[in-house]
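First up is the structure itself, then whatever we jot down about it.
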Amino acid sequence: MNTMLFSPYTIRGLTLKNRIVMSPMCMYSCDTKDGAVRTWHKIHYPARAVGQVGLIIVEATGVTPQGRISERDLGIWSDDHIAGLRELVGLVKEHGAAIGIQLAHAGRKSQVPGEIIAPSAVPFDDSSPTPKEMTKADIEETVQAFQNGARRAKEAGFDVIEIHAAHGYLINEFLSPLSNRRQDEYGGSPENRYRFLGEVIDAVREVWDGPLFVRISASDYHPDGLTAKDYVPYAKRMKEQGVDLVDVSSGAIVPARMNVYPGYQVPFAELIRREADIPTGAVGLITSGWQAEEILQNGRADLVFLGRELLRNPYWPYAAARELGAKISAPVQYERGWRF
């Protein structure tokens, strides 16, 4: 069977062998707490490349030490990180996958000891510390940190950069009126709340000419928060700035009850793809080959991002191929076991 899931996809000169993407998922495995790649990362990510995932995106990687979600996160704030990341890139590419990295700053959701920063001095919840409101100098330094991270990612050999603007972390905190109470040019109107992300995109694009993704939370799940419709003009602006794909997730800007079910976020990706005319990635409880194929065949998204399913089964592409009646190449070492 000819499938879309196992057809190549080209984006800004990079051709992926299929439409399956491993979502960035924090592993919290830097036991040295210095942001360096560890043995776990060198096993975990290449295993999914062996499993025939087309694109693997490395977890949220801190552009500053304080920008990490936890002390056990990967980092890209120092040139000392480049060698380990370069080794990881080589291991993944050796097994036929493309590799990206998600550049991130946790903002008020950072659990690293010390001062935390955010657009406004508004805590995430009643049990969270109150962050320091960022000054203009803080904003400039953080934009520069994203650019420096992009430069290091390029030196390490990554194929794709994704900017993390979702899940209640720093960039998302600027975008949402629930967390951004500023009265200057970085707060208030939708245009002002987008300004920080816009500056990050421009700064990254100055040093990075490869495929650029942005992950968003397309719904705040709050009556006073943002909806997928609100993200359409943002996505149009991203496209104008040279973003190639919007990775569409949702939630986590404030504590909220979410109705979670298979494919629950796919309509957000579909709406943004249709109304902003930009490629999108769909993510969220996509578990079967037929489900992934339906999303692609019906033009609801361009790529399918898998998270927990690839934690359960590093060889999910093989299972999906069998389900769809498609034939894919097996690693030579596994040919005796991969039967179609």
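From the backbone N, Cα and C atoms, a Cβ is placed for every residue, glycine too.
Fair warning: this is a prediction, and the values are worked out from it, not measured in the lab.
Per Swiss-Prot, the features are:
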BINDING   Ser23, Pro24, Met25, Cys26, Ala60, Gln102, Arg215, Gly307, Arg308  FMN binding site
BINDING   Tyr28, His164, Ala165, Ala166, His167  substrate binding site
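Distribution of Swiss-Prot features across the structure.
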residue: Ser23; record: FMN binding site; contacts (Cβ under 8 Å, 6+ apart): Ile57, Asp247, Val283, Phe305, Leu306, Gly307, Leu310
residue: Met25; record: FMN binding site; contacts (Cβ under 8 Å, 6+ apart): Glu59, Gly307, Leu311
residue: Tyr28; record: substrate binding site; contacts (Cβ under 8 Å, 6+ apart): Ser70, Arg72, Asp73
residue: Ala60; record: FMN binding site; contacts (Cβ under 8 Å, 6+ apart): Pro24, Cys26, Ile69, Asp73, Leu74, Gln102, Ala104, Ala106, His164, Tyr169
residue: Ala165; record: substrate binding site; contacts (Cβ under 8 Å, 6+ apart): Ile171, Asn172, Leu175, Leu197, Val214, Arg215, Ile216, Ser217
residue: Ala166; record: substrate binding site; contacts (Cβ under 8 Å, 6+ apart): Asn172, Arg215, Ile216, Ser217, Asp247, Ser249, Ser250, Ala252
residue: His167; record: substrate binding site; contacts (Cβ under 8 Å, 6+ apart): Arg215, Ser217, Ser249, Gly251, Ala252, Ile253
residue: Arg308; record: FMN binding site; contacts (Cβ under 8 Å, 6+ apart): Leu285
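The local packing around Arg215 (FMN binding site), expressed as other Cβ atoms within 10 Å of its Cβ over all shown chains, amounts to 27.
DSSP gives Ala166 (substrate binding site) a coil state; it is part of no helix or strand. Secondary structure from DSSP puts Ser23 (FMN binding site) in coil. In the three-state DSSP scheme, Tyr28 (substrate binding site) falls into the coil class.
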